[in-house]
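Input: a single structure, listed below in structure tokens.
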Amino acid sequence: MFFKRKTDEIDKTRLPVHIGIIMDGNGRWAKKRGLPRSAGHKAGAESLKKIITEANNLGIKYATVYAFSTENWKRPKAEVDYLMSLLMDYLVNAEKTLAGENVVIRAIGSRKELSEEMRRQIVKTEEFTKNNTGIVMNIALNYGGRDEIVHAVREICREAAAEGKSADDITAGDIESRLYTAGQPDVDLLIRTSGEQRLSNFMLWQVSYAEMWFTDKLWPDFKPADLHRAIADFQHRGRRFGGV
Ligand code: IPE
Ligand code: IPE
Ligand code: MG
């Protein structure tokens with residue numbers, strides 16, 4: 001007999017520790033409504049606040065959200081500028097709203113291409129929220145998985161040269177400890193909205209054994225109930241990590 005399982009039932013003792021979210025589909029959401037893409041990004045930012053609040057309330061420990069990729073600079077300047085201003089607002093407001101909810105906010109990605117103002121705000125928001133004890137929210141901003149690995153390898157090479165270490169001494173742990181997410185666990189559950197089923201350079205190292213969950217919903221339409229569904233599905237999968 002096949003019973004349809006109640007999709008929103010979550011076992012709070014078996015939550016994914018780290019969720020990754022590729023928040024995709026803002027542009028299509030706006031287009032469907034005859035609005036400019038910027039309206040989709042604005043709605044997407046609202047969606048993000050709700051989802052982080054929900055994840056925090058559920059007791060999820062880490063959430064990494066893809067906000068701007070190293071490839072997104074290819075977009076028209078006006079869109080890039082708008083996305084940057086939204087992210088800036090997000091960081092500023094986060095001090096008032098998400099920080100009050102005990103969220104730890106961090107930015108991951110390469111900072112040198114960001115404006116001076118954005119870099120300063122990142123440091124400020126990180127500093128302001130660092131002693132919070134709730135969910136750690138990594139905002140992937142000018143983030144690329146390949147860039148992150150290149151960055152780690154460069155550091156390893158520099159240190160190895162200085163210490164006279166041989167190539168054979170390099171371990172996976174050496175790479176891991178130099179990623180932007182150093183010290184954090186791997187991603188358990190990866191969510192991507194908008195029907196696309198690809199990584200688009202997100203967390204290449206950290207998603208090695210993540211369970212992938214896709215939905216056709218566009219990011220601004222993604223609701224706390226959808227997060228519940230993703231987690232409930234995750235809890236019904238058998239993870240083996242290469243074992244039996
Ligand atoms: C995701 O939505 C947000 C970013 C990539 C910054 P998109 O802007 O990619 O929306 P679509 O995929 O064009 O619909
Ligand atoms: C991935 O979405 C990046 C973010 C969600 C920030 P894209 O919309 O940039 O990815 P592609 O181009 O469809 O692969
Ligand atoms: Mg997209």
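Cβ coordinates are placed from backbone N, Cα and C, and glycine is handled just like the others.
The feature active site is assigned by TrEMBL to Asp24. The active site, proton acceptor annotation in TrEMBL covers Asn72. The feature Mg(2+) binding site is assigned by TrEMBL to Asp24, Glu211. Per TrEMBL, the feature substrate binding site maps to 25-29, Arg37, His41, 69-71, Trp73, Arg75, Arg192, 198-200.
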Ask   = How long is the line from the C-alpha of Trp29 (substrate binding site) to the C-alpha of Glu211 (Mg(2+) binding site), rounded to the nearest angstrom?
value = 26
Least Cβ-crowded entry, counting other Cβ within 10 Å, from the binding-site residues listed as Trp29, Trp73 = Trp73
Residue pair Gly25 (substrate binding site), Asn72 (active site, proton acceptor) - Cα distance, angstrom, rounded = 14
Task = Name, in the order they occur in the sequence, the residues of the same chain whose CB lies under 8 A from the CB of Asn72 (active site, proton acceptor) and which sit 6 or more residues away.
result = Val80, Leu83
Message = Please give me the CB contact count at 10 A for Gly25 (substrate binding site), counting all chains in the structure.
response = 25
Ask   = Going along the chain, which residues six or more apart from Glu211 (Mg(2+) binding site) have their CB under 8 A from its CB?
value = Pro16, Asp188, Leu189, Leu190, Phe234, Arg237, Arg239
Message = I want to verify one value. Collapsing DSSP to three states, which class is Leu199 (substrate binding site)?
response = coil
Key: Between Arg192 (substrate binding site) and Asp24 (active site), the C-alpha gap once rounded to whole angstrom   = 7
Message = Out of the recorded positions I have (Asp24, Gly25, Gly27, Thr70, Arg192), which ones have their Cβ sitting under 6 Å from ligand 2?
response = Asp24
Remark   = Note: in the chain of Leu199 (substrate binding site), residues six or more apart in sequence with C-beta under 8 angstroms of its C-beta are Ile22, Gly145, Val207
Inquiry  = Running a distance check here. Ligand 1 versus the recorded positions Asp24, Gly25, Gly27, Trp73, Arg192, Leu199: which have CB less than 6 Å from one of its atoms?
reply    = Asp24, Gly25, Gly27
